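To keep things clear, I will list the structure first and then write my remarks on it.
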Amino acid sequence: MMKPEFSHFFGFCVYFLFLQVMASSEKLRVTTPTRHLLARVGGQAELSCQVIPPHSVMHMEVRWFRSGHSQPVYLYRGGHKMSEEAAPEYANRTEFVKEAIGEGKVSLRIYNINILDDGPYQCSFNDSGFIDVAIMNLNVTAVGLETEIHVQAPDADGVMVECNTGGWFPRPQMEWRDSKGATLPHSLKSYSQDEARFFHMKMTLLLTNMSHGSIICCISNPVTGEEKQTSIILANELFNQDYLWVGIFPFSVLSLILFGVLPFINSFFRSQGCASGCLSKCLPVVTSWPVQIVHFLVCSGVLFAVYLPHRYRVSLSDPQFPLYNNWITELLIVILFLTICFVLPITVLLLIKLSPTCLAKWEKNKDDIMDSQLGLGKAREASTLYEEQSRKSWEQEK
């Protein structure tokens, strides 16, 4: 039986069609081994892409770019880096890793990561008749370096504790905990971002007693789960309001005594007739209670307007924290000092101004008294002599 002459040709055609089908089933595509990458601020990140199935991309155009950016992060074309077309913010910070370029694997290494590098990236391969893109996301993280707890001066409501931290990205989670790990409700929480996009957080807590034991400020990064804790233990004396009266009562008594000095001085000088002319008009006004109180309040207001803002919040790391914490005693000392500084200068000025007049008055009064005493003595002698003469006359008549 004779074979057909076209059998070899037919087999070749079938084989060719089979290869075409296989080639179409193995169409090239771009993928990335990791779609989500983590990188710390100041560290480095490696964005990898590869062609599947393995295929040399040495003569392809490889581009990394970001949505919304007109310039690519990195551009590889014709076997060379196209630096002039890359975005300037990535200049001298990128490296093209091409050890496995013959297998279709390439990477872009970014150094000195900053917060602006956070976000999605796209990697594209372009060749005649082939183009494909893979997307990956770079998550940049930063953990704050310092956490401070500030304590406001206690008042009738309790003690306000404030936790401050900065240098975080993305925005961290904050909460107060007690010594048993239970979450405490915060009074206020706020945040801000600086020019470098770092987050700065502030959280406050109002404490009315020390039943919670130690107080812990917890801050955690929502991406990495890293957590930082700072704790404090406040003295029980801060929550004991009885000590207020220990300072307020003696201060009130002493203030009344000091404020009463000038009116008594005024009354004394007037009784002696020392004040005359302008002084007789000014002295009652200057030494009156309303003028003293207004002067004292004005001086106190000016002092506290300058003083209190500088000690409103005190860090536990401040070496003067024990001094600032005893604010009641400190406040009373300042007010007492103001009172003394108000009373003494006026008293001294009055004494200096009125002493010459009073001395003259006192000398005159002294002379009058002596004269009156001398006249009284003569009158007594005359009376005694008269009595003796009367007695002698009566005896003679008898």
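Including glycine, each Cβ sits where the backbone N, Cα and C put it.
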(request) Answer yes or no as to whether Swiss-Prot lists GLU95 and GLU388 within the same topological domain, that is, on the same side of the membrane. (result) no
(request) For the disulfide involving CYS123, grab the partner from CYS49, CYS163 as Swiss-Prot records it. (result) CYS49
(request) If you have Swiss-Prot open, could you say which of CYS163, CYS274 makes the disulfide with CYS217? (result) CYS163
(message) Quick check on the record annotations: which of ASN92, ASN126 is tagged N-linked glycosylation site by Swiss-Prot?
(response) ASN92
(request) Could you check Swiss-Prot and say which of ASN139, ASN209 is marked as N-linked glycosylation site? (result) ASN139
(message) I'd like to know which of these glycosylation sites, ASN92, ASN139, is least surrounded, judged by other CB atoms within 10 A.
(response) ASN92
(request) Specify the secondary structure state of CYS217 (disulfide bond) as given by DSSP, simplified to three classes. (result) strand
(request) Compare the Cα of CYS163 (disulfide bond) against each of the recorded positions CYS49, ASN92, CYS123, ASN139 and report the nearest. (result) ASN139
(message) According to DSSP, collapsed to three classes, what secondary structure does ASN92 (N-linked glycosylation site) have?
(response) coil
(message) Using a Cβ cut-off under 8 Å and a sequence separation of 6 or more, which residues in the same chain sit near CYS49 (disulfide bond)?
(response) VAL30, THR31, THR32, VAL62, LYS105, VAL106, SER107, CYS123, PHE125, ALA134
(request) Work out how many Å separate ASN92 (N-linked glycosylation site) and CYS217 (disulfide bond) at their Cα atoms, rounded off. (result) 40
(message) Between the Cα atoms of ASN139 (N-linked glycosylation site) and CYS217 (disulfide bond), what distance do you get, rounded to the nearest Å?
(response) 26
